[in-house]
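TrEMBL has this to say about the protein:
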type	residues	note
TRANSMEM	6-27	transmembrane segment
TRANSMEM	39-61	transmembrane segment
TRANSMEM	67-88	transmembrane segment
TRANSMEM	100-120	transmembrane segment
TRANSMEM	147-164	transmembrane segment
TRANSMEM	184-205	transmembrane segment
TRANSMEM	217-236	transmembrane segment
DOMAIN	261-364	domain 'HTH araC/xylS-type'
Amino acid sequence: MRIELSFFDLSVLIGITTGIVCSIILLKKSTIKKSNKFLALGILAFVWLNSKMLLLSLNLWEVHGFGYFPNSVEIAIPPLFYFYFLSIKNIDFKFKKKDWLHFIPFFISQMYSVIMYIVAMQTQVYSEKRLITDALFFNEAKNLDEYILMIMSGCYLYFGGLELKSFIIGLPKTNTKQDSEIKFLNILFFLLCTLSALHIINFTLNAVLDHSYNWRWDLHHSLIAAIVYYIAIIGFKNAEVILPQKNNNKENDVDISIIEKLNTAIISDKVYLNPKLTLKSLAKQLDISDTLLSSTINAHYQKNFRSLINEARVEEVKKRLLNGELDNLSLLGIAKECGFNSEASFYRIFKSETQITPKKFISNNLELSNSI
């Protein structure tokens, strides 16, 4: 059987590949930022959903082993992104056993799909597969899934939007990276609403339009591919950006002894001077788990590990520049002694922390010295 890829197929495949790669990275970084796990699962759910469309587009649905492949993942997407918004709002969010109740519709539908697949696999003749699954109300069940999806999308977007709005309004002043994360959340919510509205319109039009108008669903899945590509790339870029939390007295839950150890390591031992310093290596030095260290930093400093270390490195560079070390070392030499790996990362982080370039900082302080 010869398979020809159209532009639509290619765009969907690019979205799927990007989504899978970025999701794996996000899952690995979920110890730094818990919301990464839900974002990764949401992306993978979209990827899984688009694979269903590829079966139809590549004419694989009637091929034995491909047709009726169990896929009801669309019902899991609304609660996944709802929990993503919850975990963004509260960095200490914990998924509890009762939260699995939100996924009951998905589990029921997926179980039914698995049964249909097993039954359909009993014959290799597609027409016989149709007869068997039609007798077991396959099409009616899939239509019911669509209604459930529309209801769930509306409910979870409404309540997720309320959580997001209540969190963003009144946030403390943020830095450039955190502003980027807030912008991403707003765009993501808008895209999810747009996708949901387009799905409702397409499903409604199915009742009045014939198969010649099925390009509408190609457009729908092209949009999904574009959304997957966008949230995968930006989600990966913001994987370590922790938004500041509103004052909710969580500070009282922080172990002060860990804060004291951490302050000693940063202020006295200057661990940040080691360019190979990682969350895991510092946690080992402090004799605590990396998860506990990460959550402590997030709760106490309202930032992640990398931001805390980079801030200390920038302060050390500023201190050395003001002490006149440029007389003996180049700017890059000072940066590397303070723990930066490269010139590019040093310039980027310095400007992000101070809003000016290192050379502008030097120039400003030279002017100040000359005016005294």
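The backbone N, Cα and C atoms fix where each Cβ goes, and this holds for glycine too.
Predicted-model confidence for the domain 'HTH araC/xylS-type' (261-364) is 89, expressed as mean pLDDT. Counting Cβ pairs closer than 8 Å to the transmembrane segment (39-61), the top stretch among 67-88, 100-120, 184-205 is 67-88. Within the chain carrying the transmembrane segment (100-120), a Cβ under 8 angstroms from the stretch's Cβ atoms is held by residues 67-73, 75-76, 79, 82-83, 129, 132-133, 136, 138, 141, 145, 148, 152, all 6 or more beyond its ends. The stretch from 67-88, 147-164, 184-205, 217-236 with the most CB pairs below 8 A to the transmembrane segment (6-27) is 217-236. Sequence-distant contacts of the transmembrane segment (147-164), counting only residues of its own chain at least 6 positions beyond either end whose CB sits under 8 Å from a CB of the stretch, comprise 74-75, 77-79, 81-82, 85-86, 88-89, 105, 109, 185, 189, 192-193, 196, 199-200, 203.
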